[in-house]
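Visitor: Quick one: this structure, given as structure tokens, is what I'll be asking you about.
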């Protein structure tokens, strides 16, 4: 009977070496034969699994030495597992070649003295196996260099896709030529459960920032661009980008500098009596034109000058911002759901909070009442609910009242529990594939769907308890937020004609923002460590972003560009690992599942969210904040900068065996890290100041 489970662990094209030993009465001395079969043949009943046999080792000897023959057989089997010796066995022409191969193996082998270790214990296999190339070549590599690291440590991005062509749109045509043959496979390769898990996770992760960004934009622009426009713009841009971009693994999102730019522009328009949407459309069209001009002149080739230093500073800062904002949003809930820090448990029965007419109303309150025809004396204030009391500018009086209304401690503390439970459960389930429970396939499915299972669990628990935690609010009507605007914006509108020309100046700043945000994220995604096989398309990516920026401007929708943390998370969720590993062997990283379907499904589902409000309204916001924290923290993994920070407080004997520590003095590593940390702090100061708009240029 064939062992199918074992067959899965054997790589395609593998051939067998059968080692046969035994004793015969009539033999006076051992007889040894090493046979190489050409071509390899399938010998039924000999091997445990039906694969072709290439080598046969036969040892027959006189009676009484069975244990010795068995050990010789084991030694030959060990020899044949050696990468170098089995190459020798394939190419050997005579007995001397085999003996030379055995001598070389014995020179390299590590011997454990029998009295110094216990043969009954199991030695765990290493995470990385040293390269054997140094044994195959005369020019030796540095000791212990892991296979592939000599290429991976090369930090430049100067591949053929970033070479200047000297022709208009030359780089773009090469991108299309490079990506064209893989277009159909970008869809067929997505037939996997891992892709389903990825898009369900990223859909939940993308929804909240898009709606939050729309809400903030609505506050900044007095509702001219708000949540529904943000949702529609993200969906439209994301679908087109996923269909035609050069690197569909990149996820588009809203960025802080763009929001700062929108606030400054709206304030400027209000002060000078200009139409904000029309002026913004002109700037957007100029920016789209300049982006296309950058594509035409192969400006994306400048990306080759972005080093690991810049990549890590940018990625680290964005990850830290994600973590900071997640915690900030959680703390901000304390303002909406205050709790009494000075409770007297014996007086809980006397605690009350009532709405009353303001005893000394402010001028703003008086004006509000006058504009809305409200007569304070005619209102029965004590009967008003919390929301109505706030709307009518009443006052809350009583020992159970906070600054903005009654104390609601259960909501805040439940939000904290939801938040940290989401982070812990997501991390636990993601690492579940390395646990000892359940079969490998089950562990893998649980790991892939970790975040989605967590969100589903938290939604069910929250619903069961019934505590009124803040929920995700999705627009339920597909129409512009304000009635005085449509889905097409006239670039001039009521503005003077010269505004169409002068807007090229702010468009230059916008172009730099878009170019840097897009291309630094693309560089991080296209790193050699990710082992991408289908190539990248920097010029094609920028073209799609530029075109959609123009379309969104004409439709009065927000602008979207590559989102670093979401893109890194997307890539991490699509990692492929080897299945054909021996029992106990660590699975090898094979690359990323490169396809377009996950991005396409994320943004298609986002566009249809308007019609799914009945389901989405049950998702608690603290759960999504917890997902943000998890994404930010998990994206920090693999960033060398953070590995180097941990070395500061670590004695040399406990430091991990990192390749750069073998060749660079520790003091220089620390100096490099301090410089990088200083730049990161400077970036953080700029990001949190009024100069945030120049952050990508810094």
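Backbone N, Cα and C atoms are what each Cβ position is placed from, and that goes for glycine too.
Automatic prediction, not curation, is the source of TrEMBL annotations.
Sharing the record's features from TrEMBL:
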- 5-119: domain 'Band 3 cytoplasmic' (DOMAIN)
- 121-163: region 'Disordered' (REGION)
- 167-698: domain 'Bicarbonate transporter-like transmembrane' (DOMAIN)
- 196-218: transmembrane segment (TRANSMEM)
- 230-253: transmembrane segment (TRANSMEM)
- 273-295: transmembrane segment (TRANSMEM)
- 302-324: transmembrane segment (TRANSMEM)
- 411-429: transmembrane segment (TRANSMEM)
- 449-467: transmembrane segment (TRANSMEM)
- 497-516: transmembrane segment (TRANSMEM)
- 537-561: transmembrane segment (TRANSMEM)
- 597-616: transmembrane segment (TRANSMEM)
- 623-642: transmembrane segment (TRANSMEM)
- 669-686: transmembrane segment (TRANSMEM)
Visitor: Average the pLDDT scores across the domain 'Band 3 cytoplasmic' (5-119) and report the rounded value.
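Guide: For the domain 'Band 3 cytoplasmic' (5-119), the model's average pLDDT rounds to 86.
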Visitor: Pull the DSSP breakdown for the domain 'Band 3 cytoplasmic' (5-119) and write it out as helix, strand, coil residue counts.
Guide: 43 helix, 28 strand, 44 coil
Visitor: Sort out the residues at least 6 away from either end of the transmembrane segment (273-295), same chain, that have Cβ-Cβ distances under 8 Å to it, and list them.
Guide: 169, 171-172, 221, 224-225, 262, 265-266, 485, 489-495, 499-500, 503-504, 506-508, 510-511, 514-515, 539, 542-543, 545-547, 549-550, 552-554, 556, 559
Visitor: With pairs fewer than 6 apart in sequence excluded, do the transmembrane segment (537-561) and the transmembrane segment (669-686) have three or more C-beta pairs that lie under 8 Å?
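Guide: Per Cβ check, the transmembrane segment (669-686) does not touch the transmembrane segment (537-561).
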Visitor: Thinking of Cβ pairs under 8 Å, which stretch from 411-429, 449-467, 537-561, 597-616 has the most of them with the transmembrane segment (497-516)?
Guide: 537-561
Visitor: Under 8 Å between C-beta atoms and at least six residues away from its ends: which parts of the chain pack against the transmembrane segment (449-467)?
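Guide: Answer is 197, 200-201, 204-205, 410-411, 414, 418, 421-422, 425-426, 429-430, 432, 618-620, 623, 626-627, 630.
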Visitor: Which residues of the same chain, at least 6 past either end of the transmembrane segment (537-561), have a Cβ under 8 Å from a Cβ in it?
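Guide: For the transmembrane segment (537-561), the far contacts come to 161-162, 169, 171-172, 174-176, 178-179, 213-214, 217, 224-225, 229-230, 232-234, 236-238, 240-241, 244-247, 250, 252-255, 258, 262, 277, 280-281, 283-285, 287-292, 294-295, 298, 300, 303, 480, 485, 487-489, 491, 513-515, 517-519, 522.
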Visitor: Are there residues at least six beyond either end of the transmembrane segment (597-616) with Cβ under 8 Å to its Cβ atoms? List them, or say none.
Guide: 186-187, 190, 195, 198-199, 202-203, 206-207, 210, 228, 231-232, 234-239, 241-243, 248-251, 472, 474-478, 570, 574
